[in-house]
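> Pulled from Swiss-Prot, these are the listed features:
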type    : residues                                                 : note
BINDING : Arg93, Lys133, 138-144, 175-178, Glu183, His206, 257-258 : ATP binding site
DOMAIN  : 97-287                                                   : domain 'ATP-grasp'
Amino acid sequence: MRVLVLGAGQLARMMSLAGAPLNIETIAFDVGSENIVHPLTQTVLGHGLEQAIEQVDVITAEFEHIPHPILDLCARSGKLYPSAEAIKAGGDRRLEKALLDRAQVANARYTMIRSRDDLTSAIAEIGLPMVLKSALGGYDGKGQWRLKEPTQIESVWQELAQYLAANPEQAIVAEEFVAFDREVSLVGARNLVGDVVVYPLAENVHTQGVLSLSTAIDAPALQTQAKAMFKAVAEQLNYVGVLALEFFEVQGQLLVNEIAPRVHNSGHWTQQGAETCQFENHLRAVCGLPLGSTKLVRETAMINILGEDQLPAEVLALEGCHVHWYGKAKRSGRKMGHINVTADYSGELQRKLCQLATVLDEKAFPAVHAVAKEIQP
């Protein structure tokens, strides 16, 4: 079985690693260079996209911001999973919000903005504070503004106006500000015949809009809510593959914040913490194979490595620590890799996070230090 991944970053890399034991060969399309490359070595392979489409059995995607002509070309082959519709919804907040409404899953109240009058109407309808998000191209906290006070309206509008003028296809989604208790996410998979499996919820900690720490949690009531919402969205799309839903938890109730039609950063913990990791289950789903068990096998936390290309030796020396590097050139704030920390029980996992806080730099790993201070104030 041969799979073409649209995108050639770390998610394609980890899909390739997960596919090898199943005798699934992966190649990747680098959207920037428009080359077909090997996902691990980045070696350029000697054929173009159209030839690659003909030579593979399945096409999938590692991220949602793929040019629509490329998605449409792949969709015409009948080999693209998830569908172009699903991938496009993940890359456009207007489509995403419409999808959530059709699926009848709870999400923050919103309206669309293209003009100063639209902003005035949005403030009257939703009230302040509000969060303003770009419809296209926003991820990891980019393309977002927070409007808290009436005195900010003109200055924020000036920024929005410049942003909109630079891209005629752009729009702004105005959402009510949600005072959430915590952020959680659910990663699951749906296959060609409609079977669904979901992993345990993960509690997520973000730093400046970027995921820093993700921990698998046992929350039965929330898990039931999240699974029902996952199924509603997946069935609305007739989805095939791994799908992630990010939620705000507010007094025991969940609101969908975003969807990601792909394997997801908050699911990386499954590589060591679940019986079948998200990358393998994605390939199983899109290749027509039975889905694997999502059972938790060890208490697990995932720590993103941001902007660092080296770690202290003590990290690998700690029992239950697994490091995954992405092979990227070092750049400030860039996702360079992640650490999966596993333990037999939650208290042991907390102890290990505290140990890691003693050797990891607080500036680079603020979430680990914050958790350690909560555990051992």
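The count begins at 1 with the first shown residue.
Placed from the backbone N, Cα and C atoms, the Cβ positions cover glycine too.
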> Please average pLDDT over the domain 'ATP-grasp' (97-287) for the predicted structure.
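PLDDT averaged over the stretch: 96.
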> Take the Cβ of Lys142 (ATP binding site) and count every other Cβ within 10 Å, whichever protein chain it belongs to.
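Result for Lys142 (ATP binding site): 11 other Cβ atoms within 10 Å.
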> Measure from the Cβ of Tyr139 (ATP binding site) and count the other Cβ atoms within 10 Å, all protein chains considered.
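I get 17 for this one.
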> Is Asn257 (ATP binding site) helix, strand or coil when read with DSSP?
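In three-state terms, Asn257 (ATP binding site) counts as strand.
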> Taking the Cβ of Asn257 (ATP binding site) as the centre, how many other Cβ atoms fall within a 10 Å radius?
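Here the count is 19.
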